[in-house]
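Record features, source TrEMBL:
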- 34-57: transmembrane segment (TRANSMEM)
- 103-122: transmembrane segment (TRANSMEM)
- 134-152: transmembrane segment (TRANSMEM)
- 159-176: transmembrane segment (TRANSMEM)
- 188-214: transmembrane segment (TRANSMEM)
- 226-247: transmembrane segment (TRANSMEM)
- 284-304: transmembrane segment (TRANSMEM)
- 311-334: transmembrane segment (TRANSMEM)
- 340-362: transmembrane segment (TRANSMEM)
- 374-391: transmembrane segment (TRANSMEM)
Amino acid sequence: MDTVSATRSDPAASPAAERGRWSARALAGIRPRIADAAAAVLTVVLLLAVHDIPAMIRAHYWLDEAWVALSVRLPLADLPAATASTPLGWTALLRLVPGVERLRLLPFAFLVAAVLIAYAFGRSLGWASKPEGVLAGLAAAAGVIMLPAGHLRHDLKQYTADAAVALALITLLSVTERRWSRRRLAAIVAVIAAGMLISHPTAIMAICVASGLIITTLARRQWRRLVEALVTTAAAGAAVLLVYLGVTTRGRNQSLQSYWADYFPDLDDLGEYLGLRMSELQHFLGMPWPLLLVLAAAGVLVIARTGRPATAVALALLPVALVVLGLTGAYPLLDLRTSHFFLVLLATLAGLGVAGAAMAVARAFGRSRPGPRTVAAAVVVVAVFLTFANANRDWLRLDDPDKKTPAHETAQGDIRAGVRYIEAHRQAGDVIVVNTLGSFGFALYWTSDRPVLERNAYLAVGWTPGYPDRSRIVVVADRTGEATQAAVARAQKLATEPDATGRIWLVRTHVIPDEKHMWKAALATYVVEPHPEAGGQGVVATIRRRG
């Protein structure tokens, strides 16, 4: 009789045993994926629960959105000029969204991406167990979802993309630390190159990520990895310079620099400046800003203690980089919009800080198995976020135009309703005068005539929409008394032509107090008949000569 060797398995039993081992390994691999998929679905459901998406889509575009949206109606050849200070890639992506009224789906898509990436970041850290990783990921994602500043970022700008790209780079850095490979380093370079086309802060994040890699490998004397980190830095730097010099600098002008001048502090006043700006931002943070910084610092410590020192270094260097760039006048320091990515990272770190502290306490005081300890930590984390949500309940499902639109000091009105009113009542020979800042929204919603791009050095965006004389639409060139009077005089001349009706429509939005005095002087010899039913008081009026 044959006997089974002690050094090899029974050939007849081997296939079944092997199948059993494969099934166990497959099941072990599927379970974490199911947990991650369920967590991802949960984060998206929570996001949809606290963000009023229908209200976001229905709202008309305000000034800084209108000129971005208008770029999709201009010829493709005008795109480099029309994009102005907005990244060229972002303006190009808007052209892929079907329908002007649905363009805000793009920033919302990046908001969803930021939440999911925040989960992946928390999950990627070196936790003791997979449930701890899931809890950390959920806490990081919840921090992004609940951040009050995030409820303002439904505007048609690239700020949600800034946050998504920043989180993606930090997550890639964490994944690279977990399992170093040239492929992952190449992925970092690729994201930096692509990110530069849609997000200006990508350059800042690239500096921090590269510094984290170099400092950590140098401190550990990992010479081969140091060389690879330096090569990665060189490749990323080349990508940043190529996009910056070839694309980004085209949108910079003196008007834009003047606009941001208040956000470039002096070294002597830096401490006072930081305190002032953080106090201004506190309303959008949901908690006292010192508490947020403490929680974010705890999050950095959690990242370092879970085996991701390079990631911790990169995040710790980010505030330093922002201060240096602010002092040198290279990037606005602590503005609500341009620093949105930084606020999102702070919220992510705060979520990790809460989760890390809860798990540390559970491990210190609990003698039970890892599962019950994680459940106990989860209860604490949920309680903290429920408390935060209750304190900031006014921000949830925000549908408040006064909070959605940052320019409170201007008389805005509903330009979309105003344009539709004029389209319904205008006659063939009527003339229309549009003020400077209202021209973008007017051109966006006015479909009877196609606008053309006209260079305008007076504005930070560097251009305004214009129309040929045959359209009988006059755009005020600048917010000065001379430009206002010249536009009214031009409109009056067009209104007296043989085929004109003599009626002049006046469209004005985003009127600053000084501009009101200019209009009063320019219209001193005219009778102004307002039409408050057309988008609100002051948006639409008709004017005619006295007598």
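Just so it is clear, glycine is given a Cβ too, placed from its N, Cα and C backbone atoms.
Here the transmembrane segment (374-391) has long-range neighbours at 50, 129, 131-132, 135, 138-139, 142, 146, 286-287, 354-355, 358-359, 361-362, 366, meaning same-chain residues at least 6 beyond its ends whose C-beta is under 8 angstroms from one of its own. Most Cβ pairs under 8 Å with the transmembrane segment (134-152) belong to 340-362, among the candidate stretches 188-214, 284-304, 311-334, 340-362.
Using the rule of three or more Cβ pairs under 8 Å, pairs at least 6 apart in sequence, the transmembrane segment (284-304) is in contact with the transmembrane segment (340-362).
Long-range neighbours of the transmembrane segment (34-57) within the same chain, counting only residues 6 or more positions beyond its ends whose Cβ lies under 8 Å from a Cβ of the stretch, are 101-102, 104-105, 108, 111-112, 115-116, 119, 123, 130-131, 134, 137-138, 141-142, 145-146, 151, 154, 389, 396-399.
Residues 87, 90, 107-108, 110-111, 113-114, 117-118, 120-121, 124-125, 144, 153, 184-185, 187-188, 191-192, 195, 198-202, 205-206, 209, 212-213, 303, 308, 310-311, 314-315, 337-338, 340-342, 344-345, 348 of the same chain lie 6 or more positions beyond the ends of the transmembrane segment (159-176) yet place their CB under 8 Å from a CB of it.
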